[in-house]
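Notes follow once the structure below has been shown.
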Amino acid sequence: MRDLVRSYGKTLTTIFVALVCFWVLIMIVLPQAFMIEQSLWTMQRDSALGVKIDRAYADLATMNYDLGNARDESAKTALQAKIDALQAGISDMEQRETKPHKIYGLQNYTAMSGLHFRIFVKSIVYALAVTVLALLVCYPLAFTIAKLATPQRAALLLLGLVIPYAINELLRVYAWLMILDYQGVINSALEALGLVSFQDKTWVPFLEYSGSVFVALIYAYVLFMVFPIYNTVETLDKNQLEAAEDLGGSIWRTHWRVVIPHAKPGIAVGCIMTFMLSVGSYSVPQIMTRGKSGDWFSQLIYRQFFETQSWNLGAAYAFSLVLVCLVFILLMMKLFGVGIRDIAK
Amino acid sequence: MHGKNVELDKVVMRFGGFTAVQQTSLEIRAGEFFSILGPSGCGKTTILRMVSGFIEPSEGRVRIGGDDMGGRGPARRPTALIFQNLALFPLMSNWENVAFGLEARGLDKRTRRERAYELLALVGLEGKEAQRPGALSGGQRQRVAIARALAVEPAVLLLDEPLSALDLKLRQYMRAELKAIQRKTGVTFIFITHDQGEALTMSDRIAVMRAGVVEQVGTTDEIYDRPATPFVATFVGENNVLSGTVAEADAAYARIETPLGPVRARNQDALAAGQRAMVFVRPERASLVNGHDLDNRLTGRFERRDLEGSYVNLFFTVGDQPFIVHEPNLDRQAALEGEVRLGFQADDAVAMRAGALDDA
């Protein structure tokens with residue numbers, strides 16, 4: 001802190017510190033805290049309360065009618081007392097309806113149904129599969145760009161990777177939809193080859209397979225895997241590759257013993273990013289499956305928030321996903337033997 | 001382990017329109033310590049890469065032990081390369097580094113380990129087997145690199161300026177060490193360097209290169225005492241240069257008219273009267289006249305005296321060019337001043353056809 005003041009002066013230092021505090025508070029602490037708080041309580045709502053209130057109002061109307069027709073003064077007084085009591089009861093019930101009791105506890109976390117839990121596990125397994133596939137696609141790509149291509153060609157290849165990202169993610173996913181659709185690009189090509197027929201509806205239903213979601217997810221997040229790996233492989237001394245070759249190392253051995261150990265931090269970061277993005281992706285499974293195959297967990301969370309109006313359960317679901325991601329990060333760090341510092345690089 | 005000979009047969013290397021190595025034929029003998037000496041960019045590393053198999057020559061053949069190496073990659077040649085930056089694998093222990101080549105040959109772990117430990121012992125690194133290269137000093141890393149290269153039992157060891165990153169003391173020590181390892185193993189060493197001192201102290205023979213051309217191949221003494229070209233004369237060791245025109249010449253000697261007067265020197269290139277010529281005199285072969293009977297005499301203005309230890313460098317200006325004389329560092333030297341008479345014997349000077357000098 002004192003060094004900061006010495007280097008930048010009091011004004012700038014104050015601005016720096018204020019910005020950092022703002023960032024930590026507004027971007028990290030507050031939303032998470034709000035989510036966690038939401039996930040930790042439920043409303044105690046009497047489901048019959050609405051009916052009770054309606055019935056009370058009906059009774060009240062009857063009583064008021066009776067009151068107007070009553071002749072006896074004593075009966076009138078008694079009726080008035082009843083009406084007052086009922087009105088107090090109504091306002092109490094209305095109070096309870098608008099401001100129900102909050103009950104704190106872990107009930108939202110234990111409330112997940114068997115079906116939802118299956119979807120939860122399935123989504124994690126799918127995201128892992130996407131991560132592994134993306135790694136298999138991206139590692140050779142990153143290595144080629146970093147070590148085999150000439151500088152100009154490497155620049156072109158990187159540009160080719162980045163250009164699709166100038167287009168909105170939704171449009172990119174829709175592009176894949178068009179490619180894989182029943183009468184999409186691939187099926188049209190197959191029809192042209194006489195392998196399928198649109199008339200007999202013998203097209204390949206790509207979109208009904210989870211694989212189509214995988215393809216779109218890998219495509220959507222390929223950069224997040226390629227760039228970290230590219231960055232680490234790029235720093236590998238080319239002489240090391242030549243030395244390994246000179247000593248008789250095969251391509252596999254050279255990668256296994258020399259390149260991959262060097263690229264570990266990049267691989268870990270790429271896997272973490274791809275996993276988190278795909279496990280939390282909403283639009284890709286939504287668009288690609290169009291409801292033809294089961295929900296992903298992210299869609300479930302969406303439904304909790306915006307269809308069931310059950311924010312507390314939604315928050316608990318969402319926070320469970322965050323926990324899974326945290327566990328995944330720790331696992332990757334352990335697996336690849338990299339520290340948080342290596343990843344931050 | 002035993003060395004094999006390396007033969008470059010009319011080898012040419014072009015990169016696009018640039019010819020890195022002009023047509024070159026070289027014969028490196030089995031078990032020899034052979035240096036390729038030249039300034040950076042002269043094509044010496046290109047030759048090394050052609051021998052190791054990282055590049056194929058545009059023309060000509062490379063033969064090792066009589067076998068044509070055409071189409072054979074680095075892994076399939078009986079060579080091992082020590083890189084300028086050593087290129088040790090930083091994430092492996094030293095013994096694993098040494099054992100990498102054995103691993104690639106499919107040896108089991110126990111054999112690899114034993115062999116690696118033996119080799120590390122050979123280069124004097126007992127006790128460092130389990131450490132990583134990063135934990136070692138520069139000289140020790142050098143030895144790991146040598147052990148790693150020797151592990152694959154190469155017939156030819158190629159060294160790409162491996163000493164250039166070391167400090168002076170260590171460099172001198174490693175020169176002796178390399179030489180000793182070469183003697184012990186009998187492997188052919190091809191050593192690339194731009195440091196003429198390194199080449200002279202270690203090599204059996206040297207090839208001096210300039211701009212893609214091998215200017216001279218010879219033993220260290222031949223290179224130093226009988227340089228074939230003006231470039232070799234100035235690149236290897238120090239030399240005083242006097243330019244002029246041949247006035248008269250016979251088979252043994254030539255008289256050259258220089259702006260500083262006539263100079264008599266050995267006629268190496270069979271020069272004839274009227275040709276442009278350069279006369280080279282090593283500083284240690286020139287001396288102050290001091291009553292000596294010298295064939296050639298010059299008058300120089302004394303500039304300064306640099307102490308080099310066992311000898312002193314005396315700087316003069318002769319005419320308008322510098323002239324250096326090495327004198328043994330004897331206590332009885334009188335202080336020099338002003339105009340001084342210098343000279344050298346005709347047998348200690350060599351006249352050759354004028355040509356490119358080392359411009360460094």
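Every residue, even glycine, has its Cβ placed from backbone N, Cα and C.
Going by TrEMBL, these are the annotated features:
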type	residues	note
DOMAIN	A:120-332	domain 'ABC transmembrane type-1'
TRANSMEM	A:12-34	transmembrane segment
TRANSMEM	A:119-142	transmembrane segment
TRANSMEM	A:154-177	transmembrane segment
TRANSMEM	A:209-230	transmembrane segment
TRANSMEM	A:266-284	transmembrane segment
TRANSMEM	A:315-336	transmembrane segment
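Of the candidate ranges A:12-34, A:119-142, A:209-230, A:266-284, A:315-336, A:209-230 contributes the most Cβ pairs within a distance under 8 Å of the transmembrane segment (A:154-177). Long-range neighbours of the transmembrane segment (A:315-336) within the same chain, counting only residues 6 or more positions beyond its ends whose Cβ lies under 8 Å from a Cβ of the stretch, are 32, 35-36, 38-40, 108-109, 111-112, 116, 120, 124, 264-265, 267-268, 271-272, 275-276, 279-280, 297-298, 300-301, 304, 343.
Same-chain residues lying 6+ beyond the ends of the transmembrane segment (A:119-142) with a Cβ under 8 Å from its Cβ atoms: 112, 210, 213-214, 217-218, 221-222, 225-227, 229-230, 233, 263, 266-267, 270-271, 274-275, 278-279, 294-298, 300, 317, 320, 324.
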